[in-house]
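Report on one structure; see the data block that follows.
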Amino acid sequence: MSDNQSWNSSGSEEDPETESGPPVERCGVLSKWTNYIHGWQDRWVVLKNNTLSYYKSEDETEYGCRGSICLSKAVITPHDFDECRFDISVNDSVWYLRAQDPDHRQQWIDAIEQHKTESGYGSESSLRRHGSMVSLVSGASGYSATSTSSFKKGHSLREKLAEMETFRDILCRQVDTLQKFFDACADAVSKDEFQRDKVVEDDEDDFPTTRSDGDFLHNTNGNKEKVFPHVTPKGINGIDFKGEAITFKATTAGILATLSHCIELMVKREDSWQKRMDKETEKRRRVEEAYKNAMTELKKKSHFGGPDYEEGPNSLINEEEFFDAVEAALDRQDKIEEQSQSEKVRLHWSTSMPSGDAFSSVGTHRFVQKPYSRSSSMSSIDLVSASDGVHRFSSQVEEMVQNHMTYSLQDVGGDANWQLVVEEGEMKVYRREVEENGIVLDPLKATHAVKGVTGHEVCNYFWNVDVRNDWETTIENFHVVETLADNAIIIYQTHKRVWPASQRDVLYLSAIRKIPALNENDPETWIVCNFSVDHSSAPLNNRCVRAKINVAMICQTLVSPPEGNQEISRDNILCKITYVANVNPGGWAPASVLRAVAKREYPKFLKRFTSYVQEKTAGKPILF
């Protein structure tokens, strides 16, 4: 055959020097870098089956290895300066190893390189060694039959390809042998036919011989054997045709079985790759979808700073998104406030307490009258309507106070128009839903009972602007526009913006009053009344939406008589608080959002403020 030489280029005839056999297994002690704390530690290292494994010690091999790496794609790097060290890296995993001496290191490197080389696909010695698993013997006289059961399904495609190469060599030699046999047979047949034709021609020319009795004598069997002798073709005496045929059949069966297994392996790999491709395709689809959604959200957010995505008559943000954004902004403000309060507490305990009291020491339960001024706003004074300083809003203040004393103290628990929205201990918050021209004007009323403080103390802290920032967390800034009297001022304040809602500002008159009891059994009552007014010093501006308010903090002090002749202490006093708020927020915020914010923020304000008053008055003289 013309291709016989090329087909046999990787035949089974091998030079003994090149056939080194399988790589030698190796084991021994090497120092391995563990970490920067423990440094180099001796480990028992085993090199076997193209895998490098290490154990803590030789005695602990039965407990399993501490780690192992496959050497197929390993990179072995001798250290440039340390003659005993070499590194083995596979992807991101790196082993730092040290041998006893440079020769020991070189022995390990050579052994590892040998395992790595023998693990590679396509090496000549690897294919020859794999082909030797086929139990077919090449010889001139015949080949042993090979059962297809010897081709185990567990072999890899690489091994099966090596077997196919061995089968190819065997089959080529078998074909050559059979071709020689057929050529010899053909030559013998052609010579026999030529000789037969020649003998026949000679017989036709000869005369028959005569016997003694006169009869003719014809040549029969004897002459035939001489004329047509049994000729054995030259060159086929040493060939067992039947054996060659059986071996050829076994070889072709082996090729078909191995080829079938190769196809099966390729189909499995194709299925595996198809699954991986499907998985990667699905991942890509998800990533593209997530990217698309992220870009959509990013485009949204890029426009959220514009006027179309803020509170307004033509806002593009829907009610649900509006509520979520407001809630998220309030949560952030709460976290900032918690951090601020924690810092204040830390600074409070790290510094010494100032001497003196915020309140004037006036005894334990006797009320002393003294002039009221903003500089001593926390001092006690009996503020009654008759002693108020007259100013241009006096009649308006009087009307507001009388309305609150008449209507705000009424019990609304049984009124069907009022809804109980929050109840936490002594605190109850009611709301009555009112809308006017699409604007939420829900009146709100809260009742609370606080122990250890008086109504005068609560109202003073609520009215006094000097301590406003200590408990008020929703104000961005404020200032007193005008002082009308010692107990009445006009305040302009700007509230912190809660995106996407517009920022609000408020201009209001704040007045504090003491309402004298009609009889000695009635509780002492203090009131702070805040209601919106106009002032030339604080005109409307485009930056904020001006809100209108009518708020009252009404506090009544209840005293339980102490036992015996003991003086009244804070354990004997209770402040009953009624807080009412009528707010027109203005703007275009959704009604559901305003109601949800009010339900959330009003109880928080009341708890925070009353806790602040209790904290500030603890241990100080009682101010009735």
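Count begins at 1; order follows the chain as displayed.
Note: Cβ is positioned from N, Cα and C throughout, glycine not excepted.
Keep in mind it's a predicted model, so treat the numbers as computed, not measured.
Annotation comment: Swiss-Prot describes 1-11 as compositional bias 'Polar residues'.
The feature region 'Disordered' is assigned by Swiss-Prot to 1-24.
Residues or ranges marked as domain 'PH' by Swiss-Prot on the basis of sequence analysis: 23-117. With DSSP classes pooled into helix, strand and coil, the tally for the domain 'PH' (23-117) is 22 helix, 42 strand, 31 coil.
Positions annotated as phosphoserine by Swiss-Prot: S126 (among others).
The annotation phosphoserine is assigned in Swiss-Prot to S132 (among others).
According to Swiss-Prot, the phosphoserine annotation covers S135 (among others), on the basis of similarity to another entry.
The coiled coil annotation in Swiss-Prot covers 263-303 and rests on sequence analysis.
Taken from Swiss-Prot, the feature phosphoserine applies to S315 (among others).
Long-range Cβ contacts of the motif 'FFAT' (321-327) within its own chain (Cβ-Cβ under 8 Å, at least 6 residues beyond either end) map to 311, 315, 498-501, 589-590, 592-593, 596-597. Under the heading motif 'FFAT', Swiss-Prot lists 321-327.
Sequence annotations record features per position, and here Swiss-Prot assigns phosphotyrosine to Y372.
The annotation phosphoserine is assigned in Swiss-Prot to S373 (among others).
Per Swiss-Prot, the feature phosphoserine maps to S377 (among others).
Annotated phosphoserine per Swiss-Prot: S380 (among others), in sequence order, evidence recorded as similarity to another entry.
Feature annotation from Swiss-Prot assigns domain 'START' to 389-618.
The N-acylsphing-4-enine binding site feature in Swiss-Prot is assigned to E472, Q493, N530, Y579; the stated evidence is similarity to another entry. In sequence order, no residues are near E472 (N-acylsphing-4-enine binding site), counting only same-chain partners six or more apart with C-beta under 8 A.
In the predicted structure, the motif 'FFAT' (321-327) carries a mean pLDDT of 75.
Here N-acylsphing-4-enine is bound by E472, Q493, N530, Y579 per the record. The longest Cα to Cα distance in that group is 20 Å.
The Cβ neighbour count for Q493 (N-acylsphing-4-enine binding site), using a 10 Å radius and every protein chain shown, is 21.
Sequence-distant contacts of N530 (N-acylsphing-4-enine binding site), defined by Cβ-Cβ distance under 8 angstroms and a gap of at least six in the same chain, are Y508, L509, S510, A511, I549, N550, V551, A552. In sequence order, K445, A446, T447, H448, V551, A552, M553, I554, L606 constitute the residues six or more apart from Y579 (N-acylsphing-4-enine binding site) in its chain with CB-CB distances below 8 Å. Residues of the motif 'FFAT' (321-327) grouped by DSSP class, helix first, strand second and coil last, total 7 helix, 0 strand, 0 coil.
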